[in-house]
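According to TrEMBL, the protein has these features:
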type     : residues  : note
TRANSMEM : A:12-32   : transmembrane segment
TRANSMEM : A:44-77   : transmembrane segment
TRANSMEM : A:89-106  : transmembrane segment
TRANSMEM : A:142-159 : transmembrane segment
TRANSMEM : A:189-211 : transmembrane segment
TRANSMEM : A:226-250 : transmembrane segment
TRANSMEM : A:262-282 : transmembrane segment
Amino acid sequence: MTAFLQQLVNGLSLGSIYALIALGYTMVYGIIKLINFAHGDIYMLGAYCAFLITTYCGLGFIPALLISMVFCGVVGVLIERIAYKPLRHATRITALITAIGVSYVLEYATQYIMGSEVRTYPKLLTSASFHLGPVTITMQQVYIFVITVILMIVLQFIVQKTKMGRAMRAVSVDEDAARLMGIDVDKTISFTFLLGSALAGVAGVLVGIYYNSINPLMGMTPGLKAFIAAVFGGIGSIPGAMIGGLFIGIAETMVTAYGSSLYKDAIVYIILILILILKPAGLLGKNVREKV
Amino acid sequence: MKTILNVKNLTKNFGGLCAVSNVSMTINEGELIGLIGPNGAGKTTLFNLLTGVYEPSSGLIELMDQNKSIQIGGLKPYKITNLGVARTFQNIRLFKSMTVLENVKVAMHKNIRYGTLAAILRLPTYYKEEKWVEEKAEELLKEVGLYSLRNELATNLPYGKQRRLEIARALAIQPKILYLDEPAAGMNPQETKELTELIDHIREKYKLTVILIEHDMSLVMKICERIYVLNYGKMIANGTPEEIKQNEFVVKAYLGEEI
């Protein structure tokens, strides 16, 4: 039982990070029906940005986190403007392939500029830990979990209760009608990329701190897993992405602990296959039927 | 009377098809104008040009804004909307997965000033403006008789009520000009009668200029002050309802020519 609780704690912190990335996938899909495969690399850029700031400018955790968020947000908006906007009325597959291209550009540009070696992350947060009964919880895990929960509440608030959120939801239902209601659709889409990418940036910083090492290709696997988390929760649904992220994180840790770490990636893909067979719309997704 | 909208030689081609050809109209402030014509005459295309959905192939659309004339042909739709031009749609286009109240709030976008940061930090401006939006939206829903349904999803409303919600949503833009694209389509006589009263009422109350496309001739003849008639993309007549009824071109367009 102790081991189980311990793994649950570990799984929650990993899952929080997946959830943060999954939110970006789901929001972008919700608004322009694009799976932004470059999203995992934005997360990598977030990790590198904070790495540079803390290593070379000597800033602490909070400023590094904020600057990374802004940096990733801006990069996300630029990517949308340069790569996706011209293709908005093209077939969906065109934008999808472009997203894969953007992903490679980000990975290898980073490799070119920063070198391909693994970098060691500076110690930004205390590595202290405390005991809750038999379970050991590190302060880093607490930070990860608390930051994620706060960001999710803020995001949910923005989407449900503010004018920007209303505009985002309106654009996601009917872009043309939204435009005729006085909404600047381009600005709203940019705003969505800004939010999603900033969250991915946070995830990057947190992972850098948690695992202590970063490299230019670090975004690939977590990016894919977060995508699966978004599909699991129902792509386009924000609460779905949160639940999906936590579920995938916990499943992965449990398999590592009780099965074999060899299968920790496999389990995630098995979940994807199962969800696509059993409930293709995802846990909270709506089953949309095409009207004939 | 003051002119509010001046359309000069407006033309729209789709490839070889001329959907709207050399159309000119002058609309005065506060008028209630009917736009009629057989199916496929180009009425909705004309609305789409006037609201910025399509860019004109040629011609001018001038909107008077505080004694200034603004060329709106080819402007982006949201910019035209923000100059005080609102519309409803022939095939209802509500934000279906949002509530009735939210549908109205969405259209108030341009009148809300607070920024994202103010919202996240929940500054007083956020609360003040959201409160104003809420009150204003509720007031508009009362106006069209949907207040009690404000928390329903738009998609769950019956057809006639969805049309009314579209009108409330358009009013939330605080328009000077309101385009109604077949507002009475699919309504029974009772609903049409109520709608006619509603149009009259909101026009009076909000000092609107209304231009409506409608196939229900009894409605058009009853409330419109002037009528424009389109056929095959050309404006074939305009005048008071009485004049239009007598006009031989209009009769031909609707009933066909004698052989």
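Even glycines carry a Cβ here, placed using N, Cα and C.
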Leading stretch by Cβ pairs under 8 Å, where the reference is the transmembrane segment (A:44-77) and the options are A:12-32, A:89-106, A:142-159, A:189-211, A:226-250:
A:189-211
Using Cβ atoms and a strict cutoff of less than 8 Å, what residues sit near the transmembrane segment (A:142-159) while being 6 or more residues removed from its termini?
12-13, 16-17, 19-20, 23, 65, 125, 165, 168-169, 195, 199, 202, 206, 209-210, 238-239, 242
Determine whether the transmembrane segment (A:226-250) and the transmembrane segment (A:12-32) share at least three Cβ pairs under 8 Å, counting only pairs 6 or more apart in sequence.
yes
